[in-house]
Amino acid sequence: MAKQKFERTKPHVNVGTIGHVDHGKTTLTAAITLILSKAGLAQAKGYDEIDKAPEEKARGITINTTHVEYETAKRHYAHVDCPGHADYVKNMITGAAQMDGAILVVSAADGPMPQTREHILLARQVGVPYIVVFLNKADMVDDPELIELVEMEVRDLLNQYEFPGDDTPIVVGSALKALECGCGKRECQWCGKIWELMDVVDEYIPTPERDIDKPFLMPVEDVFTITGRGTVATGRVERGKVKVGDEVEIIGLTTESRKTVVTGVEMFRKTLDEAQAGDNIGVLLRGIQRDEVERGQVLAKPGTIKPHTKFEAQVYVLTKEEGGRHTPFFNGYRPQFYFRTTDVTGTIQLPEGVEMVMPGDHVTLRVELITPIAMEEGLKFAIREGGRTVGAGVVSAIIE
């Protein structure tokens with residue numbers, strides 16, 4: 001079959017497999033690529049190819065991840081699969097692989113296991129909005145009542161973490177049997193289940209809103225004055241669009257936020273009608289003095305984001321080998337928190353009953369910053385000590 005030209009006409013969605021070790025995440029990933037390849041919608045990737053995931057660095061942390069791509073009649077997908085449990089934790093906390101939806105793989109023979117629970121919790125905390133379930137290894141279970149029991153357990157678990165467990169689509173099948181058969185026909189007992197799963201992913205996980213359609217936000221990286229014209233803030237537009245005449249708010253580092261109007265937008269020293277997500281720009285701000293805007297603040301559409309000092313976070317603490325701490329930290333630990341473009345000192349409060357946090361741990365903690373930062377749930381940050389990264393985190397809830 002001639003290799004098809006990749007066309008960017010279909011909407012794009014990021015997904016990934018999550019679930020307990022050895023429940024079949026990688027086998028399922030291989031099966032999806034094989035079955036879809038029969039319809040010319042993917043390149044088949046073998047288990048071994050996916051399993052030997054290359055190392056990547058995200059925010060100074062080494063993560064092993066495999067990316068595969070495939071499409072259905074409706075959409076184009078990028079799919080991540082991680083070999084080890086620690087890789088999932090790091091991936092989800094750093095946002096190295098932002099998922100619009102996840103395929104939770106649970107062995108019908110074993111039912112939910114500790115990492116099943118931890119991955120659902122992580123998905124909830126880091127903002128993976130949708131989960132669909134593949135009950136794998138159905139060929140190893142003779143009693144249909146057992147499968148129903150596992151299905152009920154999974155729905156319960158999803159409900160516990162505020163996912164709509166009762167309405168979550170669950171597909172029962174066997175990734176291994178589909179791989180072994182490989183006929184790719186919809187009417188096949190095993191291959192058909194992979195098609196059913198892809199239909200569910202197509203229908204149940206919505207196409208995400210594009211960054212460009214979200215409200216404007218730009219982290220300020222630098223500020224300078226243009227004589228006779230005023231103050232310019234530079235940075236990369238994180239989301240939305242901005243044009244001359246737009247009202248923007250300067251937020252962060254103080255409790256007061258100020259509104260101003262954009263009087264000029266420049267990119268590569270040329271004026272621009274409108275800048276959008278991904279552009280590196282300079283924004284000329286009306287009536288703003290050089291000292292009234294600084295690195296670490298953000299420019300945003302008024303009313304869309306607020307400054308906060310107290311929040312709850314999911315944090316991964318780097319190991320010594322990753323360049324992190326060699327020793328644990330305790331309640332009251334005061335490192336720097338690096339948000340977007342700047343470091344802010346903060347104090348850590350550990351959960352009740354947690355004495356200390358060891359390098360390599362994944363923990364929920366509370367933080368109080370000494371100055372407010374423009375913040376919302378899902379915002380990523382690094383924890384630093386003397387300029388080196390010792391942890392990675394994501395804001396899971398705002399306290400005040």
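All positions are counted from 1 along the displayed chain.
From the backbone N, Cα and C atoms, a Cβ is placed for every residue, glycine too.
If you check Swiss-Prot, you get these features:
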BINDING   19-26, 81-85, 136-139  GTP binding site
BINDING   Thr26  Mg(2+) binding site
DOMAIN    10-209  domain 'tr-type G'
REGION    19-26  region 'G1'
REGION    60-64  region 'G2'
REGION    81-84  region 'G3'
REGION    136-139  region 'G4'
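Under a cutoff of 8 A between CB atoms, and with a sequence separation of 6+ in the same chain, the neighbours of Lys25 (GTP binding site) are Thr17, Ile18, Gly19, Asp81, Val105. The separation of Thr26 (Mg(2+) binding site) from Ala138 (GTP binding site), Cα to Cα, is 16 Å.
Across the structure, His85 (GTP binding site) and Thr26 (Mg(2+) binding site) are spaced 13 Å apart at their Cα atoms. The predicted model assigns the region 'G3' (81-84) a mean pLDDT of 86. Mapped onto three states, the DSSP output places Cys82 (GTP binding site) in coil.
Shown for the region 'G1' (19-26): DSSP residue counts in helix, strand and coil, namely 2 helix, 0 strand, 6 coil.
Applying an 8 A CB threshold to same-chain residues 6+ apart, the list for the residue listed as 'Mg(2+) binding site' reads Thr17, Tyr47, Ile50, Asp51, Thr66, Asp81, Pro83.
Per-class residue totals from DSSP over the region 'G2' (60-64), listed helix then strand then coil: 0 helix, 4 strand, 1 coil.
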